[in-house]
Amino acid sequence: MRPRNNNLNLKFIRIYRWTPSNQAEAKFSVHPIHTSNCGPMILDALIKIKDEQDSSLAFRRSCREGICGSCSMNIDGINTLACLKPIKTNANIITIYPLPHMYIIKDLVPDLSNFFSQYKYIKPWLINNVPKKSEYLQSEKDRSELNGIYECILCACCSASCPSYWWNHDKYLGPAILLQAYRWLADSRDTNAKERLKLLGGKSKLFKCHTIMNCSRTCPKSLNPGKAIASIKHSINYS
């Protein structure tokens, strides 16, 4: 039954709950929040609920400024960051799930072990085989090639919105990791492009992308992983 609400400042936050130690099925808890005494973002509401209503609620958070990517979750059907998502003024009920199609540790906390193992696989660091005694310099033009790529904060919103990643997360690297891979392919200081492309070759790691483009639509940083993936495909097909 939907709670009745005659107060525009009163919102009901409906949160997915599951605890591994409890054999019961997952459930929802509903928490009233007055926006007049709460911060403007969903993360503010979650912190207030944890502090004042239910200390057992589990979720990740850190910077509160859209930089760390910790508070990624599904809010009213969209993968986004709780710290950047305003509390809706035109909705009585806001529903929050963890990132979809991922194993859950507790409540809104997904298990990102596989995600970060894939990140490690692409060798996300500068590889330059030309010895140098000073720093590796980069022109402003070359640096500008990284705009729209390096800003990725590994929140996993895009990967968790990708149907190909849902069904092939053990093989397909997913949009977030492939965007990170392209970040190093596009870096003029890196000399390891050939080996990096070898890591991404084959049918499963890269070519499971079917350009559905959920990744680009959901990215809270307004990046375009789909474009980066297309660039990698072009490099492999025409190298």
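Glycine too: its Cβ is placed from the backbone N, Cα and C atoms.
Annotated [2Fe-2S] cluster binding site per Swiss-Prot: C63, C68, C71, C83, in sequence order. For C152, C155, C158, C219, the entry in Swiss-Prot reads [4Fe-4S] cluster binding site. Feature annotation from Swiss-Prot assigns [3Fe-4S] cluster binding site to C162, C209, C215. The annotation ubiquinone binding site is assigned in Swiss-Prot to W167 on the grounds of similarity to another entry. Marked as domain '2Fe-2S ferredoxin-type' by Swiss-Prot: 24-99. Per Swiss-Prot, domain '4Fe-4S ferredoxin-type' is recorded for 142-172.
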If you count other C-beta atoms within 10 angstroms, which of the binding-site residues C63, C158 is the most crowded? C158
Using DSSP three-state counts, the residues of the domain '4Fe-4S ferredoxin-type' (142-172) come to 12 helix, 0 strand, 19 coil
I want to check the contact list for C152 ([4Fe-4S] cluster binding site): same chain, sequence separation of six or more, C-beta distance under 8 angstroms. What comes out? A176, L179, Q180, R183, K221, L223, P225
Would you list, in sequence order, the binding-site residues among C155, C162, W167, C209 whose CA lies within 10 Å of the CA of C71 ([2Fe-2S] cluster binding site)? C155
Return the single residue from the binding-site residues list (C68, C155, C162, C215) that has the minimum number of other CB atoms within 10 Å. C68
Please work out the helix, strand and coil residue numbers for the domain '2Fe-2S ferredoxin-type' (24-99) from the DSSP assignment. 14 helix, 23 strand, 39 coil
Could you give the Cα-Cα distance between W167 (ubiquinone binding site) and C83 ([2Fe-2S] cluster binding site), in whole Å? 29
So which binding-site residues out of C68, C83, C219 end up within 10 angstroms of C209 ([3Fe-4S] cluster binding site), measuring C-alpha to C-alpha? none
Suppose we draw a 10 Å sphere around the Cβ of W167 (ubiquinone binding site). How many other Cβ atoms does it contain, all chains included? 12
